[in-house]
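Notes follow once the structure below has been shown.
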């Protein structure tokens, strides 16, 4: 071994080292596959046996730690349950497939781990105890055995960020000295209110020992709300749910904080009332389990096509994706895009060439990880039936029927530059799809020279035509911008079953708003065609400063599609906000046709008889008028105790019409050093050294955002132009710059030359130089759809259905089945492919 020059370069890794040991860099083999994985002792990257030679060719490294996991035959550990007296840890968050989420584990397979030193190209294995191994090599191997892999480290960081927080009231509770009252830890318990017969869903108030029933559930079960009433009368702040108390966990609720909390002194508070958590067992469902049941039961039954025995399917293109912890939003998007031929060709054809010639760290190469992903999904190598369906611990909503793939490296790489997608939280699949397409678009600018296939994201791109009609002059202006997703409104007025919905709601009203256990839920049925037609409906914008007349009026704005893409993505705006700005979902059923014709949406530019809107100018020697604000929206923000200057800045940056958008802007920019500095829009175009036009003065720039972009190598003018075109969103501004990198100077020059007086925050953005896109007829056939189960995008579960070879396939994590009646009515994002004939 003294022949190997890298011996002196082998250093013992630390907790800070970037170590990948659970997934091959070039394929989805794991330590459980074949001969296991081979971990480069210098690079700390893992490879399956077939790719060790490739790594050696690139690095000239000879020494690897062979890591192999072997299942223990016929030895399975049954998870303890309520029924068998064990202590089942309940979920702490409303989520499927996460640690602390809904526990769906039935059986857990145990593994033995085996480690050996491997020498390449000698193809020689050595036991780690072999005296021939140098000490520094042995210590390095032993350390690798104990360290967490990079994916595991990122997971731990994310979970720590999502912990339940201690109550602010817990340590100040003064428990009443009631020596006569002790709670029997074994029960039975009953609500203390006379005449109340509730013996479940009971909450013990930690201050006075009062036992009260909880709230009533949506199906009519639950309690009568006596625990809440007791707090209203006494203001005693914290209660614990009886039946959920174990030595490791209890459901603790703080009434003043209106949230589930932790109590650092819970053991002390419980023993005061005679309860010893060390000997208590769980006998009731936790609040997270109950809420999950309520939110998912109805929709999940439809997604699963309840009552039907669906056939499991295997083979190329039928590979499931392991839930990495609330990663179903990512999986559903990945499955959909790789069902499209152009994505398959783009990332499969030159896969081996990319593996061979890209010298970059493979875990940091988007080209390598996308090619790896394409092969993993499409080859069929991992679409292998399990001998018995099983569920990974805290990972999947349905028993997996195949090995599938676990794209941990891909998730780590894509999420590294995004604050939300790097976490284990549930995300919006629409936002992730948009982010991924922009990521691919940027990567295509620097793709390897040997790749000749077209940029696959161009399939989705189309030119959107925006029309502005001046309310006073009737003159019009047409602009175009590049889009890749058609987002359409969901209007409840378009429901085709209004009478049935009204009858159902009246029945619910008579039942005090509680749906009976076996009562069918009636939802509004909205035709998808109505949503598409709603996209072109004009809307009125107030406080429009007309360039034609020079006075404020209103404008009528509308949009159409100037071109039709090869693949049309339709996103439903199903998610809105309650009056308190908490997100909510419109619970509707969609009427979705397999074939749609959208030719009526085509925009053809200025029409005969229309007069183009004249571009006015502003007197450069005068102060630009103070922008006006929608008083109702401004009052809404002020009522939330935001300072006036912050409210005005937020309204300027977000368009001035949406209080929720403005509120989010304020929260996102709270730490800005100039957040409370008044900025008066002054036109100083007389300064010849000023490279920004007057529109810059109407747009409030965050100086820190501008500096961040300049730090990336862009100029001040380029940074401000990008921020204007993305309404101040820093991440989108960076994306915008990279996607327009080829003609940035031209765009800046045209922007500087512009003298339009139209407030850019009140009109659609105009892209002065659009890249060409494909166009064709507007007739499309449904290719697939992504469904979301749950009440909002921050919780629940995503599933996708894809039509392959005239068969509908359901992809639910690693459970892949034929779908007999695909629940198209539950879709959130629909993919339509243009009909060739």
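The backbone N, Cα and C atoms fix where each Cβ goes, glycine too.
Feature region 'Disordered', per Swiss-Prot, maps to range 676-695 of the set 676-695, 696-715, 716-735, 736-755.
Taking only the Cα positions, the spacing between residue 328 (active site, nucleophile) and residue 797 (active site, proton acceptor) is 6 angstrom. With DSSP classes pooled into helix, strand and coil, the tally for the domain 'UBA 1' (628-669) is 29 helix, 0 strand, 13 coil. The domain 'USP' (319-835) scores a mean pLDDT of 82 in the predicted structure. Secondary structure at residue 328 (active site, nucleophile), as computed by DSSP, is helix. Residue 328 (active site, nucleophile): 30 other CB atoms within 10 A of its CB, across all protein chains.
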